[in-house]
Amino acid sequence: MRKVLRSVPHSPAVGLYFLAPLIAEFFLGDFPIVMLPLLIPLSLWYGGGALLIREIVRRRGLGWRSVLLLGLAFAIIEEGLLTMSLFNPDYADQRLLDRGHIAMLGIGVPWTIFVLALHVGWSVATPIALMEIALPGRRTEPWLSGRALRAVIAITVVGAVVVFGTNYPAYGHFIASAPQLIVSAAIAALLVAIALRAHGSTRVDIGQAPRAGVVVATTMLCAGAFHLGMHAPTAAAIVIMIGAIAALLTAVAAWSRRTGWGATQVFAVAAGMLLTYSWRAFTAGYGSGTADLVVSLVSYTVYAIAAVAILATCLRRMTAAPVGAQLSA
């Protein structure tokens, strides 16, 4: 037992398992620090899902394009089939679907774009990138044995049951219509099929990859515009959010084909994403009283400090064992 416990801090799989829900729900500002014990049940879905996506991609020799596509499938499964927030007009008593509502589909366009992008960019891609950077020597290796992979699949299924089981009674016992559920499942399945065949480009374009500072700044600019855009009037919100996503994906895709693109730039993208969550958390809300205000401020500050500490650790490990291999976006 002691050997197992000693090995946990050095296991990238365990690290990713807990980092994914930490970023997805806590660093975002959704939960205060006093609710950290929720990390355990949240890790079943978020940690299991991120681990499963990462393991599938690395075992099949795929790249970041597949990570993003599988992340989108993960997001649709969560928000379309489990929480059903894409279709529930009273989800969390927020009236999330009122803006940009399309009656035929039963969705609100701004919310759909926003929540799916959150999961792809922050719940899945960012924690995977950070854990791979933290252990550069094992970046492209599978981290799980066959038995462990089967266990992670089971954990993720249990996590899905937990997500549905906690959301269903909490938010009005809402169930989406059969067509909505079928279409959501079909889109998720199609994304998985595409992801499993999406091998990265090996083409190298003329030019030098930008320095890490440029990548961080560009990422934070696009990610910040995305988050702020959600608060703009409906039409502007849709344009700003889609534009921010497209701009970042286009920039990273172009830069990743240039000479010199490697672990440093991948770290810069992940750092920009994580730091955006750090300031964004301070806009998440402060409750209704002095006690709530104090807890919120302490929580957001601790999360920001933790994010910087995580980035510092990743940077130190990356520079101690630099990775020169070019990464595919």
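Note: Cβ is positioned from N, Cα and C throughout, glycine not excepted.
Straight from TrEMBL, the features:
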TRANSMEM  12-28  transmembrane segment
TRANSMEM  34-54  transmembrane segment
TRANSMEM  66-87  transmembrane segment
TRANSMEM  107-130  transmembrane segment
TRANSMEM  151-168  transmembrane segment
TRANSMEM  174-196  transmembrane segment
TRANSMEM  208-229  transmembrane segment
TRANSMEM  235-255  transmembrane segment
TRANSMEM  262-282  transmembrane segment
TRANSMEM  294-315  transmembrane segment
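Only pairs six or more apart in sequence are counted, and the transmembrane segment (208-229) with the transmembrane segment (34-54) gives fewer than three Cβ pairs under 8 Å, not enough to call it a contact.
Outside the transmembrane segment (12-28) by six or more residues, the chain places 36, 38-39, 42-43, 45-51, 54, 118-119, 122-124, 126-128, 130-132, 134-135, 138, 143-144, 148, 274, 277-278, 280-281, 284, 299, 303, 306-307, 310 with a CB less than 8 A from a CB of the stretch. Touching of the transmembrane segment (107-130) and the transmembrane segment (151-168) is ruled out by the presence of fewer than three CB pairs under 8 A, sequence neighbours closer than 6 excluded.
Only sequence-distant pairs (6 or more apart) were considered; of these, fewer than three Cβ pairs between the transmembrane segment (151-168) and the transmembrane segment (235-255) are under 8 A, so the stretches are not in contact. The listed stretches are 34-54, 66-87, 235-255, 262-282, 294-315; of these, 66-87 has the most Cβ pairs under 8 Å to the transmembrane segment (174-196).
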